[in-house]
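K.L.:
Take this structure first; my questions come after.
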């Protein structure tokens with residue numbers, strides 16, 4: 001029809017011109033014969049004198065031919081389109097039947113079934129939305145998807161889901177393996193085990209013969225070292241680089257604001273997103289001998305949970321992401337992004353495959369630092385050194401701690417002190433020697449005031465840890481099946497294994513190829529108030545260097561910051577345009593009896609004021625988790641805001657109390673007489689109050705009165 005309209009528009013001016021010429025000739029003939037043009041009857045135009053009759057005949061003939069030709073062309077075009085459409089419908093409708101009826105005649109594939117290569121559905125045609133349930137039947141590893149499986153927002157098909165077939169598909173007689181029932185709460189072991197492939201070689205052949213658009217190989221959400229490969233689309237609307245807490249928080253936020261969003265997470269780890277804090281805390285206190293396989297732990301309140309944020313049923317298979325009607329979140333594991341083309345809106349993976357995107361989040365986190373003397377010590381020393389960061393590091397260190405006689409932890413910060421207490425507790429049950437050394441005078445010497453750092457050091461010693469303070473490592477050598485650590489003051493420490501916990505370096509490997517700015521003072525990608533590095537690129541988590549309206553430019557390496565910044569970045573990727581004003585907190589536990597939470601700038605070089613009180617049985621991390629219901633305390637803290645807190649009426653002591661009374665308290669960090677940081681020592685569920693004090697930015701004449709807001713003197 002469109003072509004007919006084009007032809008008519010071309011011929012219409014010619015027809016109008018012929019009509020005009022005809023009328024002019026008729027008028028001219030009338031004047032020559034002495035008759036007025038008005039007296040020339042219209043019926044005599046066809047028999048007019050010479051000069052006008054032939055043109056009238058051509059005009060009528062031309063118009064008639066145009067109409068007849070246009071009608072014929074339109075009829076043939078409509079009939080042809082209808083026939084092609086019907087042929088397409090018949091072809092697509094016959095695909096499921098064709099796949100299974102040809103199965104007996106298909107020869108067996110020579111490749112092992114553990115590494116199939118199922119093809120992605122063909123590119124969607126204009127009727128793709130109607131035919132999507134039928135086309136998904138071409139995937140050999142799964143039955144055709146049904147709409148109820150995608151009706152739940154944020155919950156998508158598992159690796160081997162139970163999905164009801166449509167009435168038409170139920171009538172087909174395909175022979176498939178029985179489908180397992182989905183577990184109500186899959187264990188983390190199921191997340192790390194490879195998915196068994198039950199598809200037949202014939203189904204693989206039928207799927208491989210189907211044409212498809214250029215695809216990329218993906219890795220399923222599995223913890224196996226040799227994951228099965230799948231096909232994923234070469235384009236995704238939302239691309240999240242990194243598989244940590246920030247990426248997962250962003251994915252949840254994107255799906256909350258855009259329920260139909262298709263989100264792809266790319267991570268170099270072999271497991272889906274998980275919580276890192278339990279790796280150095282609760283997992284070490286588990287009584288389960290198989291904790292390294294299950295990765296489940298009991299919180300201080302006795303409740304059990306997995307380190308994974310969500311079970312496998314939350315994620316959609318990567319090869320289904322492009323065709324999922326209701327969208328979903330897919331995880332591409334075991335892949336590292338090595339190049340980023342900002343102008344072309346695409347990335348390149350370590351296997352040279354490319355994925356384009358509409359919007360991208362960089363949440364690459366950080367890489368554990370190492371001591372240069374260890375890096376220069378040689379391969380043997382490096383083999384016996386652990387840089388603690390990932391699930392694999394936890395599993396490796398757990399195995400080492402059960403097979404060696406001595407472990408030395410270098411570092412006195414949060415991670416080093418937590419691991420020292422955890423391994424020290426284990427040493428009481430075996431003959432393991434645990435040594436912790438650091439350049440400061442006491443544990444957390446860069447964070448806590450000296451008096452509280454010394455108290456903490458004594459607490460760590462009671463856990464069975466040998467402390468070597470003011471220790472600067474000069475060299476490390478491997479000798480007589482031992483590692484000899486030579487200190488600058490002449491002391492020599494012999495050990496079997498070293499754990500280097502000396503900080504984190506932000507992962508900014510993509511900065512060069514992407515042309516993104518890196519902060520020279522704090523490291524990390526510099527972003528604006530909306531966490532943007534470019535118009536369609538955001539950064540969150542440890543890798544983001546942001547501007548704090550109260551405390552200046554900062555970079556934070558804690559769980560709460562990853563949660564909140566990832567959530568905000570996800571909202572802004574869907575058009576929220578919100579600034580990052582949140583004061584993130586962090587926490588650390590030295591076992592179930594001593595814990596603290598902090599916010600703002602906590603630097604022992606700043607002036608501090610501490611107000612303490614006698615602790616009670618409820619002033620422990622265990623009691624705090626029993627009240628909040630979660631061991632990840634920031635999950636509850638970040639959902640609340642402080643509003644006109646009521647100060648305690650109990651009298652408060654002045655100044656710092658005796659060290660035996662450091663049961664609980666509040667430490668204020670000051671800069672220009674203004675509170676810029678607060679530590680709550682065995683005081684829990686009061687973080688919104690601390691956040692409000694820092695946000696107000698006011699001078700306080702008596703911080704003892706401010707401490708009453710935290711009700712530390714109440715029994």
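Quick reminder: no glycine exception, Cβ is built from N, Cα and C everywhere.
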K.L.:
To which of the residue ranges 4-21, 22-39, 40-57, 58-75 does TrEMBL assign the term transmembrane segment?
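P.N.:
Within the set 4-21, 22-39, 40-57, 58-75, TrEMBL attaches transmembrane segment to 58-75.
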K.L.:
Kindly point out the range from 576-616, 617-657 that TrEMBL annotates with region 'Disordered'.
P.N.:
617-657
K.L.:
Average the pLDDT scores across the domain 'Mitochondrial apoptosis-inducing factor C-terminal' (569-696) and report the rounded value.
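P.N.:
That stretch averages a pLDDT of 76.
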